[in-house]
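A.B. asks: As listed in TrEMBL for this protein:
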- GLY5, SER6, GLY7, LYS8, GLY9, THR10, ARG118, VAL127, TYR128, THR191: GTP binding site (BINDING)
- SER26, ARG31, GLN52, LEU53, VAL54, GLY81, PHE82, PRO83, ARG84, GLN88, ARG151, ARG162: AMP binding site (BINDING)
- 118-153: domain 'Adenylate kinase active site lid' (DOMAIN)
- 25-54: region 'NMPbind' (REGION)
- 117-154: region 'LID' (REGION)
Amino acid sequence: MGAPGSGKGTVSERIVQSFDMLHISSGDILRKMIREKTDFGIQVNKFVSNGQLVPDELMLKTIGGELNRLSSADRSWLLDGFPRTKPQALSLFKIAPVQVVISLDVPFDIIINRVKGRWIHAPSGRVYNTDFNAPKVPGYDDVTGEPLMQRDDDKPESVKKRLEIYSEMAGPILEYYAEQNVLAKFSGKTTNEIWPQVYKYLTTKIEPKEKLA
């Protein structure tokens, strides 16, 4: 968990690289549906384009479907960007009780400045930032060489609205997970500052694929 722009995507990538986990990104799933203009994507876009959260019912159908698809894999999984409301958290615990909740605590003024430098490779969902995770060639994806883009919901006015919504929603969720004794909070200004803390904590829960340098 973490506010929009707190580094959830980058930390999630590093977790999946370092530990044997399957990655489920609610944001990537939703954006793929929007790009492909599916019926579900059109419904979702009405909320996303206005900086609003996608309703619980739509989100639970999406994530529940992914978890059902992965249920036979018999591997640990990582949810990135979900749940975003307490009802979602309660419903998720019924579907699949989570064992660890990682909360990234980054000051909002840092996030607003950070998002200005964020670029994505839309087909793969890879995220770059000109400040701390820059592409090798400015404006182009490291793997494919294809052009990068900035998302509409990364515009300052959308970011501010999303941060306000997150502040209202996150408190009850974090309180709930604290009550379940699964919450671990990590504070810092950059992903590189937070990541070593996250890695060290996770090594107490699951064997890493490789040691952190």
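Counting begins at 1 with the first residue displayed.
Each Cβ is built from the backbone N, Cα and C atoms, and glycine gets one as well.
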A.B. asks: Can you name the binding-site residues among GLY5, GLY7, GLY9, ARG118, TYR128 whose CA is within 10 A of the CA of ARG151 (AMP binding site)?
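C.D. replies: Cα within 10 Å of ARG151 (AMP binding site): ARG118.
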A.B. asks: Using C-alpha atoms only, work out the spacing between GLY5 (GTP binding site) and GLN52 (AMP binding site) and round it to an integer in Å.
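C.D. replies: On Cα coordinates alone, these residues lie 15 Å apart.
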A.B. asks: For the binding-site residues listed here, GLY5, GLY7, GLY9, which shows the highest count of neighbouring CB atoms within 10 A?
C.D. replies: GLY7
A.B. asks: Roughly how many Å lie between the Cα atoms of GLY7 (GTP binding site) and GLN52 (AMP binding site), rounded to a whole value?
C.D. replies: 20
A.B. asks: Taking the Cβ of GLN52 (AMP binding site) as reference, which residues of that chain separated by at least 6 in sequence fall under 8 Å from it?
C.D. replies: ILE165
A.B. asks: Please compare the binding-site residues ARG84, ARG118, ARG151 by how many other CB atoms fall within 10 Å of each one's CB, and tell me which has the fewest.
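C.D. replies: Least crowded of the binding-site residues ARG84, ARG118, ARG151, by Cβ count within 10 Å, is ARG151.
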A.B. asks: Give me the DSSP three-state residue breakdown of the region 'NMPbind' (25-54), ordered helix, strand, coil.
C.D. replies: 20 helix, 1 strand, 9 coil
